[in-house]
Amino acid sequence: MTHSKRWLEEHEKDPYVKRAKKEGYPSRAAYKLLEIHQKYKLFKPSMNVIDLGAAPGGWSQVAKDLVGPKGVVIAIDLLPIQSMLDVIFIQGDFNEPEIFNQLEAIVAKKTLTGQVDLVISDMAPNISGIKNVDQSRSLHLVELAWDCAQKLLARGGTFLVKVFQGPGVDRFLINLRPYFNQVKFLKPSASRSRSSEIYILAGEFLGYNQRV
């Protein structure tokens, strides 16, 4: 059996995939975020949130449900996402100055401080099947997400990002720790056990220019 056929069979049998279809989420990834929230209380009503690499939209949908009508969720991705009531969507690469400026302008317009309480990212690279290549690309996306977060995250805010385990992750964590009071690795049960994906949860942002 080829890798693709094996993946399709597992995908069709996956209980989270079946649950997502039943409950109206665009992907099983929603349950990873819900599980993390249930344990760490990421979201509060009226929060302002940026979802980087938001397609197909599951995390944005969860975020909007949890921050409520007074909260703001800004989703950004190169790919389109399903239309969601009250989620602001930007299609483009947030690493491009023009798109980042658009993101920054929306944050300034929609928040009192020009900053957000939470930056989340479930981004993954296009998978090549070559483990070290995919892991390196994943780490690069994490670094881009952090570069964006440090510019728009309010003091006391939270940064949640997915990464594939491998070289450079521990070094990234060492570099990240001075900017937050709490940094930890997470592996939600909704993540497939054979997947190398983990999540970095960094809480109580100290401010980019105020690190200890």
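Cβ atoms are placed via backbone N, Cα and C, with glycine included.
Per Swiss-Prot, the features are as follows:
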- K162: active site, proton acceptor (ACT_SITE)
- G57, W59, D77, D93, D122: S-adenosyl-L-methionine binding site (BINDING)
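Structure coloured by features recorded in Swiss-Prot.
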| residue | record | DSSP class |
| --- | --- | --- |
| G57 | S-adenosyl-L-methionine binding site | coil |
| D77 | S-adenosyl-L-methionine binding site | strand |
| D93 | S-adenosyl-L-methionine binding site | coil |
| D122 | S-adenosyl-L-methionine binding site | coil |
| K162 | active site, proton acceptor | strand |
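The Cβ of W59 (S-adenosyl-L-methionine binding site) has A29, A30, L33, D51, I120, D122 as same-chain neighbours under 8 Å, each 6 or more residues away in sequence. Between D93 (S-adenosyl-L-methionine binding site) and the residue listed as 'active site, proton acceptor', the C-alpha separation comes to 18 Å. If you measure from the Cα atom of the residue listed as 'active site, proton acceptor' to that of D77 (S-adenosyl-L-methionine binding site), you get 15 Å. Among the binding-site residues D77, D93, D122, the residue whose Cβ has the fewest other Cβ atoms within 10 Å is D93. Using a 10 Å Cβ-Cβ cutoff, G57 (S-adenosyl-L-methionine binding site) registers 25 neighbours.
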